[in-house]
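> So TrEMBL says this about it:
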- 90-334: domain 'Sulfotransferase' (DOMAIN)
- LYS99: active site, for sulfotransferase activity (ACT_SITE)
- LYS99, GLY100, GLY101, THR102, ARG103, ARG182, SER190, TYR292, LYS308, GLY309, ARG310, ILE311, HIS312: 3'-phosphoadenylyl sulfate binding site (BINDING)
- CYS293-CYS303: disulfide bond (DISULFID)
Amino acid sequence: MLFKQQAWLRQKLLVLGSLAVGSLLYLVARVGSLDRLQPICPVEGRFGARGQAEFPLRALQFKRGLLHEFRKGNSSKEQVHLQDLVQQLPKAIIIGVRKGGTRALLEMLNLHPAVVKASQEIHFFDNDDNYAKGIEWYRKKMPFSYPQQITIEKSPAYFITEEVPERIYKMNSSIKLLIIVREPTTRAISDYTQVLEGKERKNKTYYKFEKLAIDPNTCEVNTKYKAVRTSIYTKHLERWLKYFPIEQFHIVDGDRLITEPLPELQLVEKFLNLPPRISQYNLYFNATRGFYCLRFNIIFNKCLAGSKGRIHPEVDPSVITKLRKFFHPFNQKFYQITGRTLNWP
């Protein structure tokens, strides 16, 4: 009899122990995803005065599944917080450029507790079918956030699409516009590399970069090649300046964001009138990947997708020299218009 009681007691203790371990693992997982919900800090500038507006420290990426999870809970405090969540139109947009580092910039800005990012490229303003669906369709594509937070989306095709400046102006004439650029020749080769990889995945052949970038008939730079046209930044920017003053643009150095991201992010914080919150703690160099990754807290780290940082094919040095000579006068004008000189050859 005593033996049976001891066996029963051991079984109960084993069950209780399993439940305790399971509960502990669940709490750790919750902390990993929600630990920044509880602390609060003020938003400064146009998005709220210090000491008045407060927001949860977590840069919330609320999806309906997570909302449902909260609603199943018993915490009335969490439910009250949920009632404040809204889907806002963006107060800032990363409008380009393609292969300039738009994804890296968006993910890094998402480290800031006042910033909430749209995870996918919406392509609202550059896609006629999407634009025809109306502004409420666009709003519904935005993540849930608190009113004091800034929603940011990025669609690099915006920068080069002719209709986009007017369409964004009609939505919000005072919106903040972020343009991240890289050295034009490097960006063009990166653009080519991405397309080349897509072709290879489908077992398709593709021209060498040199044949696309240089017109075989004239031996001059082929301005009909999209990768080249996109890198003529000043031509596209001039179209935007018909609707927005230069003060509403901020130029991010995409090359520097790779090697020294924090100073670039601090400049963006200032441009968006945000209190400084992103620190060196949030950025660590991953030697295996060869670029900086993100640290949200002691539990949650994130690196960009493996498709980032592709190895570029070797390009004929004479073609690189020809391209840099071609881009040089456009670069000088870009510096003059934006007021920012970059270390491009």
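Cβ atoms are placed via backbone N, Cα and C, with glycine included.
Give me the lay of the land around each of these features.
Cβ neighbours within 10 Å of LYS99 (active site, for sulfotransferase activity), excluding its own Cβ and spanning all shown chains: 24.
Listed in sequence order, ASN286, ARG289, CYS293, LEU294 are the same-chain residues at least 6 apart in sequence whose CB falls under 8 Å from the CB of CYS303 (disulfide bond).
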> Using other CB atoms within 10 angstroms as the count, which residue among the binding-site residues GLY101, ARG103, HIS312 scores least?
HIS312
> Among all the protein chains here, how many other CB atoms are within 10 A of the CB of SER190 (3'-phosphoadenylyl sulfate binding site)?
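For SER190 (3'-phosphoadenylyl sulfate binding site), the 10 Å Cβ neighbour count is 20.
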> What does the structure give for the C-alpha distance between HIS312 (3'-phosphoadenylyl sulfate binding site) and LYS99 (active site, for sulfotransferase activity)? Integer Å is fine.
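It is 12 Å, counting Cα to Cα.
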> Identify, in sequence order, the residues in the chain of ARG310 (3'-phosphoadenylyl sulfate binding site) that are 6 or more apart from it along the sequence and have a CB within less than 8 Å of its CB; answer 'none' if there are none.
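Same-chain residues close to ARG310 (3'-phosphoadenylyl sulfate binding site) (Cβ under 8 Å, separated by 6 or more) are SER190, THR193, GLN194, GLU197.
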